[in-house]
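J.: Have a look at the structure that comes next, please.
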Amino acid sequence: MVVISERGYFHWIDWLVFALMLLMSAAAGLWHFRRAQKSSTQDYLLGGRSLGLFPVSASLVASFISGVTILGTPAEIYNFGTQYWITIISILFSGVVVATVYLPVFTTLQLNSVYEYLEIRFGRPVRILISTIFVFDVGGIRAVVWTDALQVGVMIAAVISVTALGTYQIGASEIWNKAIEAKRIQFLNFDPSPYTRHTVWTVLIGSWLYCTAYIAVNQTMVQRYKSLKSTKMSQLSIALFTVSVMLFISICCWCGLVLLAWWWPPKCDPRASGLITADDQLLPAYVMEIAGHLHGIPGLFISGIFGAALSSLSVGFNSTSVVILEDFVKGCFKMKPNDRCSTIFVKTLVILFGLLALCLLFLIERLGGVLAVTNSLAAIAAGTSFGVFTLGILFPWANSKGAFVGAIAGFAMSGWVSFGANAAIGSGLIVPKKLPVPQCAGNVSQDFLKQFEWPDEDDVFPLYRLSYHWVAPIGTLVVLVVGGIVTWMTGARDPSSIDKGLLSPVIHRNIAFDLQMATTTKISKPYGWIARIGVD
(Lines of atoms letter the chains of each structure in order from A and count residues from 1; the text may use other names and numbers.)
(Lines give C-alpha, C1' and ligand atoms only; values in the text may rest on other atoms or scores of the structure.)
Protein backbone atom coordinates (compact mmCIF):
# COMPACT_ATOMS: atom_id res chain seq x y z
CA MET A 1 0.00 0.00 0.00
CA VAL A 2 1.24 3.45 -0.85
CA VAL A 3 1.08 5.87 2.07
CA ILE A 4 1.53 9.61 2.21
CA SER A 5 5.05 9.48 3.49
CA GLU A 6 6.02 7.41 0.45
CA ARG A 7 4.00 9.27 -2.17
CA GLY A 8 2.89 12.72 -1.09
CA TYR A 9 3.21 14.21 -4.56
CA PHE A 10 1.57 14.18 -8.00
CA HIS A 11 2.61 11.93 -10.85
CA TRP A 12 2.84 13.67 -14.21
CA ILE A 13 -0.47 12.04 -15.18
CA ASP A 14 -2.13 13.72 -12.19
CA TRP A 15 -0.79 17.08 -13.32
CA LEU A 16 -2.08 16.38 -16.83
CA VAL A 17 -5.60 15.62 -15.58
CA PHE A 18 -5.57 18.76 -13.45
CA ALA A 19 -4.29 20.93 -16.32
CA LEU A 20 -6.91 19.56 -18.72
CA MET A 21 -9.71 20.54 -16.35
CA LEU A 22 -8.39 24.10 -16.08
CA LEU A 23 -7.92 24.35 -19.84
CA MET A 24 -11.44 23.13 -20.60
CA SER A 25 -12.94 25.56 -18.07
CA ALA A 26 -10.94 28.44 -19.54
CA ALA A 27 -11.89 27.41 -23.09
CA ALA A 28 -15.59 27.43 -22.21
CA GLY A 29 -15.31 30.91 -20.72
CA LEU A 30 -13.30 32.33 -23.64
CA TRP A 31 -15.58 30.80 -26.25
CA HIS A 32 -18.67 32.36 -24.73
CA PHE A 33 -16.76 35.59 -24.12
CA ARG A 34 -16.16 35.90 -27.87
CA ARG A 35 -19.85 35.18 -28.55
CA ALA A 36 -20.85 37.80 -25.99
CA GLN A 37 -18.84 40.64 -27.52
CA LYS A 38 -21.89 42.10 -29.28
CA SER A 39 -24.55 40.86 -26.89
CA SER A 40 -26.85 43.08 -24.89
CA THR A 41 -26.61 43.40 -21.12
CA GLN A 42 -29.79 41.32 -20.82
CA ASP A 43 -28.22 38.49 -22.81
CA TYR A 44 -24.94 38.80 -20.92
CA LEU A 45 -26.63 38.62 -17.50
CA LEU A 46 -29.43 36.13 -18.23
CA GLY A 47 -28.21 34.33 -21.34
CA GLY A 48 -31.08 35.79 -23.34
CA ARG A 49 -33.39 33.52 -21.31
CA SER A 50 -32.65 30.76 -23.82
CA LEU A 51 -30.22 28.45 -22.06
CA GLY A 52 -30.76 24.69 -21.92
CA LEU A 53 -32.27 22.78 -19.01
CA PHE A 54 -29.25 20.53 -18.40
CA PRO A 55 -26.50 23.18 -18.25
CA VAL A 56 -28.65 25.43 -16.04
CA SER A 57 -29.47 22.55 -13.67
CA ALA A 58 -25.81 21.57 -13.52
CA SER A 59 -24.87 25.19 -12.87
CA LEU A 60 -27.35 25.35 -9.99
CA VAL A 61 -25.69 22.28 -8.48
CA ALA A 62 -22.22 23.77 -8.95
CA SER A 63 -23.40 27.06 -7.43
CA PHE A 64 -24.67 25.27 -4.34
CA ILE A 65 -21.76 22.84 -3.91
CA SER A 66 -18.34 24.22 -3.08
CA GLY A 67 -14.98 22.91 -1.97
CA VAL A 68 -16.32 23.25 1.57
CA THR A 69 -19.00 20.67 0.74
CA ILE A 70 -16.52 18.16 -0.66
CA LEU A 71 -13.93 18.54 2.11
CA GLY A 72 -16.19 19.49 5.01
CA THR A 73 -19.07 17.01 4.73
CA PRO A 74 -16.97 13.82 5.08
CA ALA A 75 -15.08 15.43 7.98
CA GLU A 76 -18.39 16.38 9.65
CA ILE A 77 -19.61 12.77 9.49
CA TYR A 78 -16.20 11.47 10.61
CA ASN A 79 -16.15 13.74 13.67
CA PHE A 80 -19.81 14.02 14.70
CA GLY A 81 -21.74 11.09 13.21
CA THR A 82 -24.47 10.64 10.64
CA GLN A 83 -27.17 12.90 12.12
CA TYR A 84 -26.08 15.58 9.66
CA TRP A 85 -27.03 13.22 6.82
CA ILE A 86 -30.73 14.04 7.22
CA THR A 87 -29.96 17.45 5.75
CA ILE A 88 -30.98 15.85 2.44
CA ILE A 89 -34.58 15.84 3.74
CA SER A 90 -34.28 19.57 4.35
CA ILE A 91 -33.02 20.05 0.79
CA LEU A 92 -36.02 18.12 -0.57
CA PHE A 93 -38.46 20.35 1.32
CA SER A 94 -36.50 23.42 0.22
CA GLY A 95 -36.84 22.45 -3.43
CA VAL A 96 -40.61 22.01 -3.10
CA VAL A 97 -41.08 25.34 -1.30
CA VAL A 98 -38.89 27.27 -3.73
CA ALA A 99 -40.58 25.83 -6.83
CA THR A 100 -44.12 26.52 -5.60
CA VAL A 101 -43.85 29.64 -3.43
CA TYR A 102 -40.91 31.82 -4.50
CA LEU A 103 -39.78 30.87 -8.00
CA PRO A 104 -43.03 31.87 -9.81
CA VAL A 105 -42.69 35.42 -8.50
CA PHE A 106 -39.17 35.96 -9.87
CA THR A 107 -39.72 34.21 -13.20
CA THR A 108 -42.76 36.43 -13.84
CA LEU A 109 -40.91 39.68 -13.12
CA GLN A 110 -38.55 40.72 -15.92
CA LEU A 111 -35.77 41.94 -13.61
CA ASN A 112 -31.99 41.55 -13.86
CA SER A 113 -31.40 41.76 -10.12
CA VAL A 114 -33.54 39.92 -7.60
CA TYR A 115 -33.20 42.95 -5.33
CA GLU A 116 -35.16 45.10 -7.78
CA TYR A 117 -38.19 43.31 -6.35
CA LEU A 118 -37.56 44.94 -2.99
CA GLU A 119 -37.70 48.44 -4.48
CA ILE A 120 -40.99 47.69 -6.18
CA ARG A 121 -42.46 46.17 -3.04
CA PHE A 122 -40.90 48.25 -0.24
CA GLY A 123 -38.95 51.13 -1.77
CA ARG A 124 -35.34 51.99 -2.53
CA PRO A 125 -33.98 52.09 1.08
CA VAL A 126 -34.88 48.43 1.67
CA ARG A 127 -33.38 47.43 -1.67
CA ILE A 128 -30.09 49.21 -0.98
CA LEU A 129 -29.91 47.77 2.54
CA ILE A 130 -30.34 44.15 1.44
CA SER A 131 -28.07 44.66 -1.59
CA THR A 132 -25.36 45.98 0.73
CA ILE A 133 -25.70 42.87 2.88
CA PHE A 134 -25.32 40.70 -0.21
CA VAL A 135 -22.30 42.57 -1.52
CA PHE A 136 -20.80 42.44 2.12
CA ASP A 137 -17.07 35.83 -15.31
CA VAL A 138 -15.72 37.39 -18.22
CA GLY A 139 -18.07 35.39 -20.47
CA GLY A 140 -21.31 36.38 -18.84
CA ILE A 141 -23.97 34.04 -17.57
CA ARG A 142 -23.57 31.70 -20.55
CA ALA A 143 -19.90 31.13 -19.79
CA VAL A 144 -20.58 30.70 -16.08
CA VAL A 145 -23.37 28.21 -16.74
CA TRP A 146 -21.45 26.14 -19.26
CA THR A 147 -18.25 26.22 -17.22
CA ASP A 148 -20.23 25.11 -14.16
CA ALA A 149 -21.79 22.29 -16.17
CA LEU A 150 -18.29 21.06 -16.99
CA GLN A 151 -16.99 21.46 -13.45
CA VAL A 152 -19.92 19.71 -11.79
CA GLY A 153 -19.11 16.65 -13.88
CA VAL A 154 -15.52 16.75 -12.63
CA MET A 155 -16.69 17.17 -9.01
CA ILE A 156 -19.05 14.21 -9.19
CA ALA A 157 -16.49 11.99 -10.90
CA ALA A 158 -13.84 12.88 -8.32
CA VAL A 159 -15.97 12.19 -5.24
CA ILE A 160 -17.53 9.01 -6.64
CA SER A 161 -14.18 7.58 -7.72
CA VAL A 162 -12.41 7.95 -4.37
CA THR A 163 -15.49 6.86 -2.39
CA ALA A 164 -16.12 3.83 -4.59
CA LEU A 165 -12.47 2.80 -4.37
CA GLY A 166 -12.56 2.77 -0.57
CA THR A 167 -15.91 0.97 -0.48
CA TYR A 168 -14.58 -1.70 -2.84
CA GLN A 169 -11.40 -2.29 -0.84
CA ILE A 170 -13.03 -2.31 2.62
CA GLY A 171 -16.55 -3.56 1.87
CA ALA A 172 -19.82 -1.71 2.47
CA SER A 173 -20.97 -3.99 5.32
CA GLU A 174 -17.60 -3.67 7.06
CA ILE A 175 -17.73 0.12 6.78
CA TRP A 176 -21.23 0.18 8.30
CA ASN A 177 -20.32 -2.21 11.13
CA LYS A 178 -17.26 -0.17 12.10
CA ALA A 179 -19.35 3.00 12.05
CA ILE A 180 -21.80 1.36 14.47
CA GLU A 181 -18.95 0.24 16.73
CA ALA A 182 -17.53 3.78 16.73
CA LYS A 183 -21.01 5.16 17.62
CA ARG A 184 -21.21 7.20 14.43
CA ILE A 185 -24.64 5.97 13.28
CA GLN A 186 -27.34 8.31 14.53
CA PHE A 187 -30.38 9.56 12.64
CA LEU A 188 -33.07 10.09 15.30
CA ASN A 189 -31.53 12.29 17.96
CA PHE A 190 -34.56 14.22 19.22
CA ASP A 191 -32.62 16.05 21.92
CA PRO A 192 -34.56 19.33 22.39
CA SER A 193 -31.44 21.23 23.47
CA PRO A 194 -30.58 24.00 20.96
CA TYR A 195 -26.95 23.70 22.05
CA THR A 196 -26.45 20.21 20.58
CA ARG A 197 -24.58 20.50 17.29
CA HIS A 198 -26.71 18.04 15.30
CA THR A 199 -30.22 16.90 16.22
CA VAL A 200 -33.31 16.20 14.15
CA TRP A 201 -34.55 19.70 15.01
CA THR A 202 -31.36 21.66 14.37
CA VAL A 203 -30.59 19.93 11.08
CA LEU A 204 -34.10 19.82 9.63
CA ILE A 205 -35.12 23.34 10.63
CA GLY A 206 -31.76 25.08 10.33
CA SER A 207 -30.69 23.41 7.09
CA TRP A 208 -34.15 23.80 5.55
CA LEU A 209 -34.24 27.53 6.16
CA TYR A 210 -30.65 28.12 5.05
CA CYS A 211 -31.08 26.04 1.88
CA THR A 212 -34.42 27.65 1.06
CA ALA A 213 -32.93 31.10 1.54
CA TYR A 214 -29.97 30.30 -0.69
CA ILE A 215 -32.06 28.77 -3.47
CA ALA A 216 -35.07 31.08 -3.36
CA VAL A 217 -33.80 34.65 -2.98
CA ASN A 218 -30.07 34.56 -3.63
CA GLN A 219 -29.03 36.45 -6.77
CA THR A 220 -26.62 33.62 -7.57
CA MET A 221 -29.38 31.02 -7.95
CA VAL A 222 -32.23 33.21 -9.21
CA GLN A 223 -30.06 34.55 -12.03
CA ARG A 224 -29.56 30.98 -13.22
CA TYR A 225 -33.06 29.57 -13.20
CA LYS A 226 -34.37 32.83 -14.69
CA SER A 227 -32.17 32.19 -17.73
CA LEU A 228 -34.65 29.49 -18.82
CA LYS A 229 -37.50 30.46 -21.12
CA SER A 230 -40.49 29.54 -18.92
CA THR A 231 -41.58 29.08 -15.32
CA LYS A 232 -42.20 25.36 -15.94
CA MET A 233 -38.64 24.91 -17.18
CA SER A 234 -37.31 26.78 -14.16
CA GLN A 235 -39.32 24.55 -11.82
CA LEU A 236 -38.00 21.46 -13.59
CA SER A 237 -34.44 22.74 -13.18
CA ILE A 238 -35.07 23.12 -9.43
CA ALA A 239 -36.35 19.52 -9.32
CA LEU A 240 -33.23 18.20 -11.09
CA PHE A 241 -31.04 20.35 -8.86
CA THR A 242 -32.71 19.05 -5.69
CA VAL A 243 -32.33 15.38 -6.59
CA SER A 244 -28.72 15.88 -7.72
CA VAL A 245 -27.68 17.70 -4.54
CA MET A 246 -29.37 15.09 -2.33
CA LEU A 247 -27.44 12.31 -4.07
CA PHE A 248 -24.15 14.21 -4.01
CA ILE A 249 -24.37 15.05 -0.29
CA SER A 250 -25.29 11.42 0.44
CA ILE A 251 -22.13 10.29 -1.34
CA CYS A 252 -20.07 12.79 0.67
CA CYS A 253 -21.65 11.55 3.91
CA TRP A 254 -20.90 7.93 3.04
CA CYS A 255 -17.36 9.02 2.25
CA GLY A 256 -17.04 10.17 5.88
CA LEU A 257 -17.80 6.62 7.04
CA VAL A 258 -15.27 5.29 4.52
CA LEU A 259 -12.61 7.52 6.11
CA LEU A 260 -13.46 6.13 9.55
CA ALA A 261 -13.15 2.53 8.38
CA TRP A 262 -9.97 3.25 6.42
CA TRP A 263 -8.10 4.50 9.48
CA TRP A 264 -9.41 1.79 11.76
CA PRO A 265 -6.73 0.16 13.97
CA PRO A 266 -4.06 -0.98 13.41
CA LYS A 267 -4.00 2.17 11.27
CA CYS A 268 -4.16 5.54 12.99
CA ASP A 269 -6.05 8.79 12.55
CA PRO A 270 -3.60 11.00 10.59
CA ARG A 271 -4.33 13.89 12.97
CA ALA A 272 -3.24 11.78 15.93
CA SER A 273 0.08 10.94 14.29
CA GLY A 274 0.66 14.57 13.34
CA LEU A 275 0.59 13.78 9.63
CA ILE A 276 -2.13 16.39 9.09
CA THR A 277 -3.21 19.30 11.26
CA ALA A 278 -6.76 20.17 10.18
CA ASP A 279 -10.03 18.34 9.62
CA ASP A 280 -10.32 19.53 6.02
CA GLN A 281 -7.12 17.61 5.24
CA LEU A 282 -8.70 14.24 6.11
CA LEU A 283 -10.09 13.53 2.65
CA PRO A 284 -6.97 14.58 0.68
CA ALA A 285 -4.82 12.45 3.03
CA TYR A 286 -7.11 9.48 2.40
CA VAL A 287 -6.96 10.01 -1.37
CA MET A 288 -3.16 9.99 -1.38
CA GLU A 289 -3.09 6.82 0.72
CA ILE A 290 -5.64 4.81 -1.20
CA ALA A 291 -5.04 6.11 -4.71
CA GLY A 292 -1.57 7.64 -4.73
CA HIS A 293 -0.32 4.74 -6.83
CA LEU A 294 -3.25 4.97 -9.26
CA HIS A 295 -1.98 7.69 -11.53
CA GLY A 296 -4.70 10.16 -12.46
CA ILE A 297 -7.06 9.57 -9.51
CA PRO A 298 -5.40 12.13 -7.18
CA GLY A 299 -5.33 14.57 -10.09
CA LEU A 300 -9.03 13.98 -10.72
CA PHE A 301 -9.82 14.55 -7.05
CA ILE A 302 -7.89 17.83 -6.85
CA SER A 303 -9.55 18.85 -10.11
CA GLY A 304 -12.90 18.28 -8.41
CA ILE A 305 -11.91 20.49 -5.48
CA PHE A 306 -10.65 23.23 -7.79
CA GLY A 307 -13.73 22.85 -9.97
CA ALA A 308 -15.96 23.43 -6.95
CA ALA A 309 -13.90 26.45 -5.94
CA LEU A 310 -13.87 27.89 -9.47
CA SER A 311 -17.62 27.49 -9.88
CA SER A 312 -18.23 29.20 -6.54
CA LEU A 313 -15.94 32.08 -7.49
CA SER A 314 -17.39 32.54 -10.98
CA VAL A 315 -20.91 32.47 -9.58
CA GLY A 316 -20.07 34.97 -6.85
CA PHE A 317 -18.20 37.37 -9.12
CA ASN A 318 -20.89 37.39 -11.80
CA SER A 319 -23.83 37.78 -9.41
CA THR A 320 -22.17 40.44 -7.24
CA SER A 321 -21.35 42.44 -10.37
CA VAL A 322 -25.02 42.31 -11.39
CA VAL A 323 -26.12 43.57 -7.97
CA ILE A 324 -23.66 46.48 -8.08
CA LEU A 325 -24.80 47.46 -11.59
CA GLU A 326 -28.54 47.18 -11.02
CA ASP A 327 -28.88 48.21 -7.38
CA PHE A 328 -26.16 50.81 -6.96
CA VAL A 329 -25.20 52.25 -10.36
CA LYS A 330 -28.73 52.27 -11.80
CA GLY A 331 -30.81 52.15 -8.63
CA CYS A 332 -28.99 54.27 -6.06
CA PHE A 333 -27.05 56.70 -8.26
CA LYS A 334 -29.71 56.92 -11.01
CA MET A 335 -27.17 56.42 -13.80
CA LYS A 336 -28.41 55.03 -17.12
CA PRO A 337 -25.50 53.43 -19.01
CA ASN A 338 -26.28 51.90 -22.39
CA ASP A 339 -26.02 48.16 -23.01
CA ARG A 340 -22.42 48.28 -24.22
CA CYS A 341 -21.20 50.31 -21.23
CA SER A 342 -23.15 48.13 -18.80
CA THR A 343 -21.64 44.95 -20.21
CA ILE A 344 -18.09 46.36 -20.11
CA PHE A 345 -18.70 47.58 -16.55
CA VAL A 346 -19.82 44.13 -15.36
CA LYS A 347 -16.90 42.38 -17.09
CA THR A 348 -14.46 44.84 -15.52
CA LEU A 349 -15.93 44.23 -12.08
CA VAL A 350 -15.55 40.47 -12.53
CA ILE A 351 -11.84 40.91 -13.33
CA LEU A 352 -11.33 43.25 -10.35
CA PHE A 353 -13.07 40.81 -8.01
CA GLY A 354 -10.81 38.04 -9.30
CA LEU A 355 -7.68 40.09 -8.59
CA LEU A 356 -9.01 40.99 -5.14
CA ALA A 357 -9.66 37.33 -4.36
CA LEU A 358 -6.13 36.47 -5.45
CA CYS A 359 -4.70 39.07 -3.08
CA LEU A 360 -6.88 37.87 -0.21
CA LEU A 361 -5.44 34.36 -0.53
CA PHE A 362 -2.32 35.53 1.28
CA LEU A 363 -4.45 36.85 4.14
CA ILE A 364 -6.85 33.92 4.36
CA GLU A 365 -4.11 31.32 4.69
CA ARG A 366 -3.02 33.04 7.91
CA LEU A 367 -6.47 32.92 9.49
CA GLY A 368 -7.64 30.10 11.73
CA GLY A 369 -11.15 28.74 11.38
CA VAL A 370 -11.81 30.72 8.22
CA LEU A 371 -14.34 28.17 6.95
CA ALA A 372 -16.45 28.46 10.09
CA VAL A 373 -16.35 32.25 9.88
CA THR A 374 -17.36 32.16 6.20
CA ASN A 375 -20.29 29.83 6.88
CA SER A 376 -21.49 32.03 9.72
CA LEU A 377 -21.39 35.15 7.54
CA ALA A 378 -23.33 33.34 4.82
CA ALA A 379 -26.02 32.36 7.34
CA ILE A 380 -26.33 35.96 8.56
CA ALA A 381 -26.96 37.32 5.06
CA ALA A 382 -29.14 34.38 4.03
CA GLY A 383 -31.42 34.55 7.05
CA THR A 384 -31.87 38.32 6.88
CA SER A 385 -32.51 38.45 3.13
CA PHE A 386 -34.91 35.52 3.27
CA GLY A 387 -36.89 37.20 6.04
CA VAL A 388 -37.31 40.44 4.07
CA PHE A 389 -38.30 38.69 0.83
CA THR A 390 -40.74 36.48 2.75
CA LEU A 391 -42.33 39.60 4.24
CA GLY A 392 -42.88 40.94 0.75
CA ILE A 393 -43.98 37.74 -0.98
CA LEU A 394 -46.19 36.15 1.69
CA PHE A 395 -47.41 39.09 3.79
CA PRO A 396 -49.30 41.65 1.66
CA TRP A 397 -49.91 43.82 4.74
CA ALA A 398 -46.17 44.38 5.39
CA ASN A 399 -44.97 47.92 4.76
CA SER A 400 -41.57 49.41 3.96
CA LYS A 401 -40.94 50.63 7.51
CA GLY A 402 -41.47 47.13 8.87
CA ALA A 403 -39.20 45.61 6.22
CA PHE A 404 -36.40 48.13 6.81
CA VAL A 405 -36.41 47.97 10.62
CA GLY A 406 -36.89 44.20 10.56
CA ALA A 407 -33.89 43.77 8.25
CA ILE A 408 -31.65 45.83 10.50
CA ALA A 409 -32.83 43.93 13.59
CA GLY A 410 -32.43 40.52 11.95
CA PHE A 411 -28.98 41.31 10.63
CA ALA A 412 -27.83 42.69 13.99
CA MET A 413 -29.21 39.77 15.98
CA SER A 414 -27.89 36.95 13.79
CA GLY A 415 -24.57 38.76 13.40
CA TRP A 416 -24.25 39.14 17.16
CA VAL A 417 -24.92 35.43 17.73
CA SER A 418 -22.60 34.31 14.93
CA PHE A 419 -19.64 36.55 15.74
CA GLY A 420 -20.03 35.90 19.46
CA ALA A 421 -20.01 32.14 18.94
CA ASN A 422 -16.97 32.26 16.66
CA ALA A 423 -15.12 34.49 19.11
CA ALA A 424 -15.88 32.02 21.92
CA ILE A 425 -14.65 29.10 19.82
CA GLY A 426 -11.54 31.00 18.75
CA SER A 427 -10.66 31.84 22.35
CA GLY A 428 -11.13 28.25 23.49
CA LEU A 429 -14.20 28.94 25.64
CA ILE A 430 -16.20 26.58 23.42
CA VAL A 431 -14.78 23.38 21.92
CA PRO A 432 -16.90 21.37 19.43
CA LYS A 433 -17.64 17.98 20.99
CA LYS A 434 -16.16 15.53 18.50
CA LEU A 435 -16.81 11.83 18.90
CA PRO A 436 -13.75 9.79 19.94
CA VAL A 437 -11.77 7.89 17.32
CA PRO A 438 -10.45 4.33 17.72
CA GLN A 439 -7.32 4.21 19.88
CA CYS A 440 -3.99 4.50 18.09
CA ALA A 441 -0.88 2.56 18.94
CA GLY A 442 2.29 4.59 19.49
CA ASN A 443 2.76 8.30 20.03
CA VAL A 444 -0.27 10.56 19.74
CA SER A 445 -0.06 14.30 19.04
CA GLN A 446 -0.90 16.40 22.10
CA ASP A 447 -2.67 18.93 19.88
CA PHE A 448 -4.94 16.12 18.76
CA LEU A 449 -5.76 15.07 22.32
CA LYS A 450 -6.69 18.65 23.23
CA GLN A 451 -9.62 18.41 20.80
CA PHE A 452 -11.30 16.05 23.26
CA GLU A 453 -10.73 18.21 26.35
CA TRP A 454 -13.98 20.13 26.72
CA PRO A 455 -14.05 23.16 29.02
CA ASP A 456 -17.01 24.06 31.22
CA GLU A 457 -19.30 26.16 29.01
CA ASP A 458 -21.77 27.21 31.71
CA ASP A 459 -20.18 30.65 31.98
CA VAL A 460 -20.42 31.27 28.22
CA PHE A 461 -23.35 33.47 27.13
CA PRO A 462 -26.20 31.06 26.16
CA LEU A 463 -26.73 32.43 22.64
CA TYR A 464 -23.07 31.85 21.81
CA ARG A 465 -23.48 28.15 22.62
CA LEU A 466 -26.25 27.61 20.06
CA SER A 467 -25.70 25.17 17.22
CA TYR A 468 -24.48 26.94 14.09
CA HIS A 469 -27.63 25.71 12.32
CA TRP A 470 -29.70 28.27 14.25
CA VAL A 471 -27.98 31.42 12.89
CA ALA A 472 -30.12 31.68 9.74
CA PRO A 473 -33.44 30.87 11.51
CA ILE A 474 -32.69 33.52 14.14
CA GLY A 475 -32.16 36.16 11.44
CA THR A 476 -35.34 35.24 9.57
CA LEU A 477 -37.49 35.00 12.71
CA VAL A 478 -36.34 38.40 14.00
CA VAL A 479 -37.04 40.02 10.61
CA LEU A 480 -40.57 38.60 10.51
CA VAL A 481 -41.42 39.39 14.15
CA VAL A 482 -39.93 42.89 14.23
CA GLY A 483 -41.18 43.64 10.73
CA GLY A 484 -44.68 42.56 11.71
CA ILE A 485 -44.68 44.63 14.91
CA VAL A 486 -43.40 47.77 13.16
CA THR A 487 -45.94 47.30 10.38
CA TRP A 488 -48.74 47.05 12.96
CA MET A 489 -47.48 50.14 14.81
CA THR A 490 -47.06 52.30 11.69
CA GLY A 491 -50.11 51.14 9.76
CA ALA A 492 -50.38 48.06 7.58
CA ARG A 493 -50.63 48.40 3.82
CA ASP A 494 -53.89 47.84 2.02
CA PRO A 495 -53.43 44.50 0.20
CA SER A 496 -55.55 45.78 -2.68
CA SER A 497 -52.82 48.33 -3.48
CA ILE A 498 -50.26 45.59 -4.15
CA ASP A 499 -49.78 44.21 -7.63
CA LYS A 500 -50.65 40.52 -7.72
CA GLY A 501 -47.39 39.74 -9.49
CA LEU A 502 -45.44 40.70 -6.36
CA LEU A 503 -47.10 38.01 -4.25
CA SER A 504 -46.69 34.25 -4.26
CA PRO A 505 -49.32 32.10 -6.01
CA VAL A 506 -49.94 30.58 -2.58
CA ILE A 507 -51.29 33.96 -1.48
CA HIS A 508 -53.39 34.27 -4.65
CA ARG A 509 -55.18 31.03 -3.83
CA ASN A 510 -55.62 31.47 -0.10
CA ILE A 511 -56.39 35.11 0.54
CA ALA A 512 -59.75 36.74 0.08
CA PHE A 513 -58.54 40.23 -0.85
CA ASP A 514 -59.15 41.67 -4.29
CA LEU A 515 -55.57 42.10 -5.43
CA GLN A 516 -54.64 43.96 -8.58
CA MET A 517 -53.81 41.86 -11.61
CA ALA A 518 -50.22 42.27 -12.78
CA THR A 519 -49.58 43.29 -16.38
CA THR A 520 -46.50 42.85 -18.50
CA THR A 521 -46.16 46.60 -18.92
CA LYS A 522 -46.14 47.26 -15.21
CA ILE A 523 -43.75 44.51 -14.35
CA SER A 524 -41.27 45.26 -17.11
CA LYS A 525 -41.12 48.94 -16.11
CA PRO A 526 -41.18 48.84 -12.33
CA TYR A 527 -39.78 52.30 -11.65
CA GLY A 528 -42.57 53.99 -13.56
CA TRP A 529 -45.35 52.78 -11.31
CA ILE A 530 -43.74 52.62 -7.87
CA ALA A 531 -45.24 55.98 -6.95
CA ARG A 532 -48.64 55.04 -8.38
CA ILE A 533 -49.14 52.01 -6.12
CA GLY A 534 -48.10 54.12 -3.15
CA VAL A 535 -44.92 52.88 -1.54
CA ASP A 536 -45.20 54.07 2.05
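Placed from the backbone N, Cα and C atoms, the Cβ positions cover glycine too.
Any TrEMBL annotation is an automated prediction that lacks curation.
The feature transmembrane segment is assigned by TrEMBL to 12-33, 53-72, 84-106, 126-145, 152-171, 198-217, 238-264, 300-324, 344-364, 376-397, 404-425, 470-490.
Describe each of these features in terms of where it is and what it packs against.
T.: Packing against the transmembrane segment (84-106) from elsewhere in the chain are residues 73, 76-77, 114, 117, 187, 198, 200, 203-205, 207-208, 211-212, 215-217, 222, 225-226, 231, 234-235, 238-239, 241-242, 245-246, 249-250, 253, 389, 393-394, 501-506: each is 6 or more residues past its ends and has a CB under 8 Å from a CB in it.
Nonlocal intrachain contacts for the transmembrane segment (198-217), taken as residues 6+ away from its ends with a CB within less than 8 angstroms of a stretch CB, comprise 64, 80-81, 83-84, 86-87, 89-91, 93-95, 97-98, 101-103, 114, 188-192, 238, 241, 378-379, 382-383, 385-386, 389, 467-473, 476.
For the transmembrane segment (238-264), same-chain residues at least 6 beyond its ends with a Cβ under 8 Å from one of its own Cβ atoms are 53, 57-58, 60-61, 64-65, 69-70, 73-78, 82, 84-85, 87-88, 91-92, 94-95, 98-99, 103, 155-156, 159-160, 162-163, 166-167, 170, 174-176, 178-179, 182, 184, 215, 225, 270, 282-283, 286, 289-290, 437-438.
Distant neighbours of the transmembrane segment (376-397): 101-102, 105, 117-118, 121-122, 126, 130, 133-134, 136, 209-210, 212-214, 216-218, 403, 406-407, 410-411, 414-415, 418-419, 421-422, 468, 471-480, 483-484, 487, 492-493, 495, 498, 502-504, 506-507, 511, 513, 515; these residues of the same chain sit at least 6 beyond its ends, with a Cβ under 8 Å from one of its Cβ atoms.
Residues 122, 125-126, 129-130, 133, 369, 372-373, 376-377, 379-381, 383-384, 387-388, 391, 431-432, 460-461, 463-466, 468, 470-472, 474-484, 486 of the same chain lie 6+ residues outside the transmembrane segment (404-425) yet bring a C-beta within less than 8 angstroms of a C-beta in it.
Long-range neighbours of the transmembrane segment (470-490) within the same chain, counting only residues 6 or more positions beyond its ends whose Cβ lies under 8 Å from a Cβ of the stretch, are 194, 202, 205-206, 209-210, 213, 376, 379-380, 382-384, 386-388, 390-391, 395, 397-399, 401-403, 405-407, 409-411, 413-414, 417-418, 536.
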